[in-house]
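To start, the structure itself, in structure tokens.
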Amino acid sequence: MIWLTWRQHRGQLLVTFGLLAALGLMFLVSGLEAAAFVASNAGLAPGDLDAALGARYDAVYTVFGWLPIVAPALIGAFWGAPLLGREFERGTHRLVWTQAVPVRRWLAVKLVVLGGLVALGGLAMSAMVSVWRPRFRTDTFGNVGIFNMLGVEPAAWWLFAFMLGTAAGAVLRRTLAAMAVVVGVLAVMTFGLFTLSDHYATPSRVVTADQTTVTSQDVRLVEHAWLDPAGREIAETPPGACPRGVDAGRNDSARTAYEECLIGKGYRHVVYFHGHDRFWRFQLIDAAILLAGAAGLGLVTVRAVRRAS
Amino acid sequence: MIEASGLKIGGRLRDCSVRVPDGRVVALVGPNGAGKTTFLHVVVGLLTPERGAVRTAGEVAFVAQDKPLYDGFRVAEMLTLGRRLNTRWDDSYARERLAGLGIPLDRKVGRLSGGQQAQVALTIALARRPDLLVLDEPLANLDPLARHEVMRSLMGAVAETGMSVVISSHVVSDLVDTCDWLIVLNEGRVQVSGDIDELLSEHRMMTGPLGLSPNAHVVGGSRTDKEQTVLVRGAPVADPRWRVRAVSLDDLVMAYLRSPEAAALPRLEGVRT
């Protein structure tokens, strides 16, 4: 069975792990080059050094920054969807399920071996990002795109996507339709989990005259409100509280002047946020939801296969 | 041996019972949609019936409709699949058989002709050395020469091993020379099951004037303005006004299919007339 699994899925395996190796090589070259740059420019002012490293970081980030969104979709579409969809399409399930190896064993080997490799690939990616990135940037939590590249997130997302594609292929019996389901469901899940994650813990509340005390940290902002001079919390400041200009484009000087005036009149910012210390809590809740989803999809797959066999 | 009792799957199989002794080459015939494929899938364990059960003796090998194979595999890799997924596997037999048929082991399955693909599928089933070989429409989509070749090599293997075989087809003439047992499946029920020679000797076709009672067990018939022709079962009628002739397998199958309420199940309890 292991031989058959390798023979049927070696294309996906080689491409996936080849791309991961290429990504690792790029990280290695980028990391070594950055280290050499830092060593030979020891006298550089911190700001200049940061700008130089930032430019290097951005160049590499454009290559893999889309991975948290696209990688699970690719895994689901090319590892998951054909696993049963293609067998049903070609009728080959009637060949392979009538050999002496029982169907349940065929399915178990495929799901465990391929699911294990998918999870391993996700862990490898997060490990590589975790080793390479700290040289350039230290934030891990505030930006959800970065957060989804670290810890157990890639492994959990990839495994969920794999099981999603497999279940869709088992139920729909069509590879292409299953691929479409993968893309659709992942889009909803990505947005849904991001929205839901605000509620993984009660947000911290800070009342401050200077918002940057919070926003300069690696935090996830949830909500902003005002405390009026009477001490009441309000979502919006009342009209006419201060003279309010209009900003054009990305210039925000009018808003800054308006807020400074409000602070001067005794208004205060109320900021709700999740602090960086919640990194693992959020990671594990995300992973638990995704793994529960993967297990449920596994059940759907087993049922669909049992009905067809 | 195959023993099915009271099989039911939705509307596709309705109370389907049959018993076939060992070593028979069974022709499973019936119109499209009669439930042949469903019945075979139950026999090989691909489908679980809602009611009833099937018993088969020993190793069962199956060649599904359209002879599915992995197009991207080389022929040798298909043999590896057979070897790795089965406990009983005769690799040298498989290689010799393919060599004898002139099918190269390093050729991709998708690049073989339809007849060669059928032979590869058959080889994988035969190399399992089955006690029962089940073939679902093995001759469909093959040209006449390939049909003949496939049947000939199959019958060679049957003669060698004495295994039981079930072949389904909706074309009776495909099977007339090779099979010795007939099962007619119609609308999800077994209508006829029996030894072909016995069935042929038990039935006859009689033609006579309209209005004359055949005075025999009538399976079915047809009429023109002046005459009626009926297929009867049992002893010949002595009345000289009837012209009596022997039936062909085709006549027999057609007559039963046209009269779905008629049945000939000599091996089942209480049906014999």
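Placed from the backbone N, Cα and C atoms, the Cβ positions cover glycine too.
These come from TrEMBL:
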type	residues	note
TRANSMEM	A:59-85	transmembrane segment
TRANSMEM	A:106-132	transmembrane segment
TRANSMEM	A:144-164	transmembrane segment
TRANSMEM	A:176-196	transmembrane segment
TRANSMEM	A:282-305	transmembrane segment
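Between the transmembrane segment (A:106-132) and the transmembrane segment (A:282-305), three or more CB pairs separated by 6 or more residues in sequence fall under 8 Å, so the two stretches touch. Pairs of Cβ atoms less than 8 Å apart link the transmembrane segment (A:282-305) most often to A:144-164, out of A:59-85, A:144-164, A:176-196. With a threshold of 8 Å between CB atoms, the same-chain residues lying at least 6 positions outside the transmembrane segment (A:144-164) that come near it are 65, 67-68, 71-73, 75-76, 79-80, 111, 114-115, 118-123, 125-126, 129-130, 133, 137, 181-182, 185-186, 189, 194, 197, 220, 279-280, 282-284, 286-287, 290-291, 293-295, 297-298, 301.
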